[in-house]
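Here is what TrEMBL records for this protein:
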type     : residues           : note
ACT_SITE : 129                : active site, proton acceptor
BINDING  : 137, 140, 162, 164 : Zn(2+) binding site
DOMAIN   : 6-257              : domain 'Deacetylase sirtuin-type'
Ligand SMILES: [Zn+2]
């Protein structure tokens, strides 16, 4: 990877802090880059991507789930699921939760399924791709804790079936699933936003990547370029944890945080 250029860092953070303080309805949109410091690999990063070794349609699709629920969980337990279940929030999550408590952020829309915004204390979190906290029987609707379910499947070697016999589906949006109700709320929040800050998302996944188009102003904090950069009022091409750590320092100095 090329060395990052930090020459504009201080100036860019100042501009971000100014925008956060001036906005009346700031909404943050987070992606994989917000969780990399929590040890969750960015499945779509070039070079390191899990999907270069695995076919997403094999591991994370509705089709794969219905074809063989047992195999679906086995593959998930061997690949993308374990890092998510044990993860802890990092600076990015804690600072965003602090900004919400201080009234500077009204909502966090996240493409991540790790639940780390809630663990850090964020209250208005719209999880447009679902989450790994629970799973639900596709027949009777009974809820299950996903961590406990995965442990039970491993230890007992049984299938992911409810007491009623129905397959139990994790609470995440699989490829081929419809968008959850949280997406409608995300659209409303984006349309209300006078400022949307994109954090750690390359904006490649449909339809969540269209949300910044609805906001009045957009700021992008992502290492790679995104489609919305051309209309962004500010771009911060640095790691999210560096940026939000610096933002928190500035706001504390201003006695805002
Ligand atoms: Zn059931």
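Glycine residues also receive a Cβ, built from the backbone N, Cα and C atoms like all the rest.
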For residue 140 (Zn(2+) binding site): intrachain residues, at least 6 apart, with Cβ closer than 8 Å: 162, 164, 166
Cβ neighbour count (within 10 Å, all chains shown) around residue 129 (active site, proton acceptor): 19
Distance, the residue listed as 'active site, proton acceptor' to residue 137 (Zn(2+) binding site) (CA atoms, angstrom): 18
Neighbourhood of ligand 1 - recorded positions from 129, 137, 164 with Cβ under 6 Å: 137, 164
DSSP three-state assignment (helix, strand or coil) for residue 137 (Zn(2+) binding site): strand
Most crowded position, judged by CB atoms within 10 A, among 162, 164 as binding-site residues: 162
Number of Cβ atoms other than its own within 10 Å, given for residue 137 (Zn(2+) binding site): 19
Overall pLDDT for the domain 'Deacetylase sirtuin-type' (6-257), taken as the rounded mean: 93
Environment of 137, 140, 162, 164, the listed Zn(2+) site - residues of the same chain whose CB lies within 8 A of the CB centroid: 138, 139, 141, 142, 161, 163, 165, 166, 168
Secondary structure at residue 164 (Zn(2+) binding site), reduced by DSSP to three states: coil
